[in-house]
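Report on one structure; see the data block that follows.
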Amino acid sequence: MDQYCILGRIGEGAHGIVFKAKHVETGEIVALKKVALRRLEDGFPNQALREIKALQEMEDNQYVVQLKAVFPHGGGFVLAFEFMLSDLAEVVRHAQRPLAQAQVKSYLQMLLKGVAFCHANNIVHRDLKPANLLISASGQLKIADFGLARVFSPDGSRLYTHQVATRWYRAPELLYGARQYDQGVDLWSVGCIMGELLNGSPLFPGKNDIEQLCYVLRILGTPNPQVWPELTELPDYNKISFKEQVPMPLEEVLPDVSPQALDLLGQFLLYPPHQRIAASKALLHQYFFTAPLPAHPSELPIPQRLGGPAPKAHPGPPHIHDFHVDRPLEESLLNPELIRPFILEG
């Protein structure tokens, strides 16, 4: 740490504390993520190892945050990243109104280029959300925080935990306890982020997993084996029954959004993971080639992380799984009235 001068604290994520720092010799500004170990014999935490492995296995890409160095410090170690001025969550919080369509297209285009690059390298991020999409001083968006990333198995033979992705951006198969999944979980998250940019607020702001499913089925309708054949194979299928809910047209959810945007959004927000549009294919969608065209990064808003007015939106949800099947319904739900219309009695 002697080679760096700490300039301030940026924040604290699920996988470590992040500081803004300056390299003493070169003057380069970086972001230092300090990861502590409880005991030296523990070795590196799995999530930290995944982040290092994922970033080191991928060649430099302008849409993925650059890992510059890794070094031990005290009872842990430090990751040195290129410094990014802000993140997409701050952009949404500080926007006085929904972003201009050209701005939404630009952010989404950069996100899709980063996701396409990750998926081409067999990396599933598993925690895409606005707070993990960093913004540089020049307006460039880059994907960060690969602490939950995994190299996925194309043949679907590997089992993974379903407790990944922040709840508002968590794919339905994860909410149903899926242990076998692929890049489709990232594509659902991209759809949620796109919807949030178009709407100015999250589409599915559930306070627990059941409420999250209720928000989803209120728009997509109640899932069934005819629409989603793999549904019956999921571990948590039939643990709770939902009333039949017909899909809501996206033009009613987002009445001021263009047909092209709604068409692309609808191709991300699909129950069957294999039917969701791939990031590389989405980049060729007519949405990006109709007026207004994507804005140049220099035309995008860049709010500061520190200082400025207090954010209007409340903090995002935690990663923890706070619904228990055996617990009484009223004890598991923060807002029972919101989901009661969707739940079958008895």
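Using the three backbone atoms N, Cα and C, a Cβ is placed for every residue, glycine included.
Sequence annotations record features per position, and here Swiss-Prot assigns active site, proton acceptor to D127. Taken from Swiss-Prot, the feature ATP binding site covers I10, G11, E12, G13, A14, H15, G16, I17, V18, K33. Here Swiss-Prot flags 4-288 as domain 'Protein kinase'.
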Spatial separation of D127 (active site, proton acceptor) from V18 (ATP binding site) - C-alpha basis, Å:
18
Across all the protein chains here, work out how many other Cβ atoms are within 10 Å of the Cβ of I10 (ATP binding site).
19
Whole-number Å value for how far D127 (active site, proton acceptor) lies from E12 (ATP binding site) (Cα to Cα):
16
Rank the recorded positions E12, D127 by the number of other Cβ atoms within 10 Å of each Cβ and report the first-ranked residue.
D127
Between G16 (ATP binding site) and the residue listed as 'active site, proton acceptor', what is the CA-CA distance rounded to a whole number of Å?
15
If I take every residue in the domain 'Protein kinase' (4-288) and average their pLDDT values, what number comes out?
87
Spatial separation of the residue listed as 'active site, proton acceptor' from I10 (ATP binding site) - C-alpha basis, Å:
19
Could you tally the C-beta atoms, other than its own, that fall within 10 angstroms of the C-beta of G16 (ATP binding site)?
22
When a 10 Å sphere is centred on the Cβ of V18 (ATP binding site), how many other Cβ atoms does it contain?
20
